[in-house]
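Q: Before I ask anything, here is the structure I am working with.
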Amino acid sequence: MAVERTFSMIKPDATRRNLTGAITKMLEDAGLRVVASKRVWMNRREAERFYAVHRERPFFSELVEFMSSGPTLVQVLEGENAIAKNREVMGATNPADAQEGTIRKVHALSISENSVHGSDSAETAKTEITFWFSEMEIVG
């Protein structure tokens, strides 16, 4: 098994409800280690750039509006198979479909306000990490 890094974001719906500590604890309890973390409030342009892959999707405008509506906590996580492990701990995008005990089952309000975002591949992780962090900010 390989130690790898992935990107994680705690979204505005969760930061508004002061859940950053509880969510980070769930990630750490799963064996993931936070090697970089900062609180950011993205503007519309940053949200549009970060979620550019969804630009043609019908929910894009709503997503950009939501993601720029409040602070987020962006993190780099490290661990054995970190990408898959993070996705497992997050749970299904739709909290109604998420397994018991996952972040989205426990904390999400809806499919759009689903508390967290995580990279879905090594390539995406690299892109998302470098969007928010310089190498000097990642301390393993």
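In case you wondered, yes, glycine gets a Cβ from its N, Cα and C as well.
Positions annotated as active site, pros-phosphohistidine intermediate by Swiss-Prot: H117. The ATP binding site annotation in Swiss-Prot covers K11, F59, R87, T93, R104, N114 and rests on sequence analysis.
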Q: Give the distance between the Cα atoms of R104 (ATP binding site) and H117 (active site, pros-phosphohistidine intermediate), rounded to the nearest whole Å.
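A: Approximately 10 Å lies between the Cα of R104 (ATP binding site) and that of H117 (active site, pros-phosphohistidine intermediate).
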Q: How many whole Å apart are the CA atoms of K11 (ATP binding site) and the residue listed as 'active site, pros-phosphohistidine intermediate'?
A: 7
Q: Given a 10 Å Cβ-Cβ cut-off, pick out the one of the binding-site residues T93, N114 that has the most other Cβ atoms nearby.
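A: Result for the most crowded candidate: N114.
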Q: What is the separation, in Å, between the Cα atoms of F59 (ATP binding site) and H117 (active site, pros-phosphohistidine intermediate)?
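A: Between the alpha carbons of F59 (ATP binding site) and H117 (active site, pros-phosphohistidine intermediate) there are 16 Å.
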Q: Using Cα coordinates, what distance in whole Å links the residue listed as 'active site, pros-phosphohistidine intermediate' and R87 (ATP binding site)?
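A: The residue listed as 'active site, pros-phosphohistidine intermediate' to R87 (ATP binding site), Cα-Cα distance: 9 Å.
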